[in-house]
Each structure stands twice: as C-alpha cells, then as structure tokens.
Amino acid sequence: MEFWLSWVLLVAILKDVQCEVQLVESGGGLVQPGGSLRLSCSASGFTFSSYAMHWVRQAPGKGLEYVSAISSNGGSTYYADSVKGRFTISRDNSKNTLYLQMSSLRAEDTAVYYCVK
C-alpha cells in the first residue's frame with residue numbers, strides 16, 4: 001500500500017511539474033501555395049526572456065523536422081535550409097511570445113508546427 005501511495009504521489013508531482021510550463025501555439029490555417037501565415041506561441045510558467053526558443057514541425061506521416069531557432073535576446077537566429085529565405089522567426093520578450101512568419105508557402109510546408117523551449 002505504501003508503494004502504491006508513493007507512486008500516486010510521484011505521478012501527481014510530475015503532473016504539476018509538466019503543467020508549470022505552457023506553450024500555446026496559434027495562427028495556423030489553410031492557405032494557398034505562395035501565401036503567408038504567422039504563427040504565434042504564447043509562453044508561461046518560466047522566464048521566457050532567458051531561453052532560446054525553437055520551432056519544429058511534423059508533416060503527415062513523417063518525423064519531426066527542425067525549422068528555426070532564436071536566441072534569448074533575439075539577436076541570433078537559425079533556419080533549416082528548407083525554409084531559409086521564406087520563414088522569419090522573432091520574439092517579443094515583453095509579451096512572452098514567439099513568432100514564425102511564413103511566406104511563399106509550399107505544399108511541403110504542410111505540417112503541425114510546435115514551439116519548443
């Protein structure tokens with residue numbers, strides 16, 4: 001019985017830890033090839049301005065693909081070759097928000113996009 005209670009307590013603690021950090025993406029939608037979209041990621045539960053942030057994506061039936069990254073102060077960025085020149089990552093530390101401006105969209109950009117701490 002003690003083991004069971006310990007296990008339940010551990011699960012409860014881990015659940016609380018997981019709930020502390022929240023990253024909520026928005027801005028997706030349907031767009032024609034060549035169109036544009038801006039994704040947003042609202043962050044809470046941690047000091048956003050202290051962390052580099054990243055975008056990754058997963059196309060239907062495919063694995064995760066790294067898309068872009070930005071340093072904590074926004075001064076340094078990285079782009080995968082597949083999106084370079086078309087996507088722009090940015091952040092607003094005063095709003096705890098990460099952005100991904102996507103232009104000249106292609107069929108192969110179809111994916112679920114995730115922001116990552």
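Cβ coordinates are placed from backbone N, Cα and C, and glycine is handled just like the others.
Record features (Swiss-Prot):
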{"type": "DISULFID", "residues": "C41-C115", "note": "disulfide bond"}
{"type": "DOMAIN", "residues": "20-117", "note": "domain 'Ig-like'"}
{"type": "REGION", "residues": "20-44", "note": "region 'Framework-1'"}
{"type": "REGION", "residues": "45-52", "note": "region 'Complementarity-determining-1'"}
{"type": "REGION", "residues": "53-69", "note": "region 'Framework-2'"}
{"type": "REGION", "residues": "70-77", "note": "region 'Complementarity-determining-2'"}
{"type": "REGION", "residues": "78-115", "note": "region 'Framework-3'"}
{"type": "SIGNAL", "residues": "1-19", "note": "signal peptide"}
Next on the checklist: So, taking each listed stretch (53-69, 70-77, 78-115) in turn and counting its Cβ pairs to the region 'Framework-1' (20-44) that are under 8 angstroms, which one gives the highest count?
Outcome noted: 78-115
Checklist outcome for this item: Under 8 Å Cβ-Cβ from the region 'Complementarity-determining-2' (70-77), and at least six residues away from its ends along the same chain, one finds 49-54, 89-91, 93, 98
Item to check | Helix, strand and coil totals (DSSP H, G, I; E, B; other) for the region 'Complementarity-determining-1' (45-52) | outcome: 3 helix, 0 strand, 5 coil
Next on the checklist: Please count the residues of the region 'Framework-2' (53-69) that DSSP assigns to helix (H, G, I), strand (E, B) and coil.
Outcome noted: 0 helix, 12 strand, 5 coil
Next on the checklist: DSSP-wise, what's the residue breakdown of the region 'Framework-3' (78-115) into helix, strand and coil?
Outcome noted: 3 helix, 18 strand, 17 coil
